[in-house]
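What follows is one structure encoded as structure tokens, with my remarks underneath.
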Amino acid sequence: MGIMGILLIVLLVINVLFAAVMVFLERRDTAATWAWLLVLTFIPVIGFIIYLIFGRKLSHRKIFDWKGQEKIGLRESTDNQISMIRQQEFPFSERNVAKHRDLIYLLLVNDGAILTQDNDVTIYTDGHEKFDALMKDIEAATDHIHLIYYIIHSDMLGKRLKSALIKKAEEGLDVRVIYDAMGCRTTKKSFWNDLKQHGVKVWPFFPSKLPLINFRLNYRNHRKLAIIDGEIGYIGGFNVGDEYLGLDDSFGYWRDTHLRVRGKAVYAMQTRYIMDWNSASSTSQKLDYQTRYFPSFHGKGHTSMQIVSSGPDSEWQQIKNGYIKMISSAKKSIYLQSPYIIPDASLLEALKIASLSGVDVRLMIPNKPDHAFVYRATTSYCGELIESGAKVYIYDNGFIHAKTLVVDGEIASVGTANMDFRSFRLNFEVNAFMYEKKIAQKLEDIFLQDILKSYQLTAELYAERSFWIKVKEAVSRLLSPIL
């Protein structure tokens, strides 16, 4: 037997061993397991390398440290809320909130997401309005500014943000920025260096420890949070870049959804930020749960809210679980917006059952994909949903990047998680779950306004897809669990 024959046998043995590990040792979703088996089988050498970079499961060791939270009583408050809801003693502020105690309890148990009931919420769907508000709050800050974004470009908007942060750092404020190493791979190093040289503390999340190789590349921090003085928080879909202002001709108008929150929910955002900071930063720059980051104040709003995080460090898919609970509780309507809709079997079944039960299920996706492969996986699921009676709308006024779910005009979720495998299993995400009719109905109205800028993907229109589109959809769907 020649050398090539021996190498072939070695590669086949390696493939078999990896297959055995995936099937018998790793607790993977069945669809993801089959997708990786196909990659390893049909492209043995390259597939092996791809698996090392993208396929290895993240260790469930403590990536985020809960130590120190006893100083602010968060864990104690969470345990108290769980106990009071279980004993039917929790003082819900409104009947609509109490009506959804099962969802609230679920998110308390699987994520420790404390319920706050004093939040004032402003909804932004336009990048100019969102960033004007954020810049105004940054300018008015008196103690600290904490930011985390998946993408921060070194373009016009990025430079505007940089200047604002440097100004506040030079005034003596505690200014910190976390950015995702993969999301910001094209951002100039000089951009970060300028911030650091002027007193802004900056850290990347999951950077590569080896030149050109990052074995944690597949696990990205997709969260987008801004906390100002521990009293004001921003959460939603906008990253930092000119395209989010509609200045990129390839996308056109950028339609997203972001929230400005003032109330005790900001404590939960701050806690999430401190955990992310302590995970990303060096030992010498770890943050403590100081009272300055959790100032005593009384929120003047009426929106009840939970801030829910999820990521590959947990066995629970917290945000997905919340979505399924919301969908299964629907009596009248489900309005869902996401640039990617690639549901796993449980989510797909929940949506189809709701539609077949007479619930008005409406979904909205963009007409302009930013990732063609992922977009074809999205459209592959549209047919099944349409067959079940759901209505699918194609947003045709630029690019829609919003991640919103509204049920019965009573409860809603807005955040960073897309409706896909990556957001639920691979990315670190954060969403706000809200229990106020006024906010839910406003988000519902926004959805209905977006329909006026969309066209419906009917069964007849869907059937007109070309043969090659169907092939692309089939391949994309097959590999979607590992995209």
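Even glycines carry a Cβ here, placed using N, Cα and C.
Features reported for this protein in TrEMBL:
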ACT_SITE  His222  active site
ACT_SITE  Lys224  active site
ACT_SITE  Asp229  active site
ACT_SITE  His401  active site
ACT_SITE  Lys403  active site
ACT_SITE  Asp408  active site
DOMAIN    217-244  domain 'PLD phosphodiesterase'
DOMAIN    396-423  domain 'PLD phosphodiesterase'
TRANSMEM  7-25  transmembrane segment
TRANSMEM  31-54  transmembrane segment
Assigned conformation of Lys224 (active site) - DSSP reduced to three states: coil
Residues that sit under 8 angstroms from Lys224 (active site) by C-beta distance, when 6+ apart in the chain: Ile148, Tyr149, Tyr150, Tyr234, Ile235, Gly236, Gly237, Phe238, Asn239, His258, Thr416, Val430
Which of Asp229, Asp408, the listed active-site residues, has fewest other Cβ atoms within 10 Å: Asp229
Model confidence over the domain 'PLD phosphodiesterase' (396-423), averaged pLDDT: 96
Cα proximity to Asp229 (active site), best match among active-site residues His222, His401, Lys403, Asp408: His222
Tertiary neighbours of His222 (active site) (same chain, Cβ under 8 Å, six or more apart): Tyr150, Asp180, Gly183, Thr416, Ala417, Ser423, Asn427, Phe428, Glu429
Helix, strand and coil totals (DSSP H, G, I; E, B; other) for the domain 'PLD phosphodiesterase' (396-423): 3 helix, 13 strand, 12 coil
Asp229 (active site) in three-state DSSP notation: coil
All-chain count of other Cβ atoms within 10 Å of His401 (active site): 25
Between Asp408 (active site) and His401 (active site), the C-alpha gap once rounded to whole angstrom: 22
Cβ-Cβ neighbours of Lys403 (active site) (radius 10 Å): 26
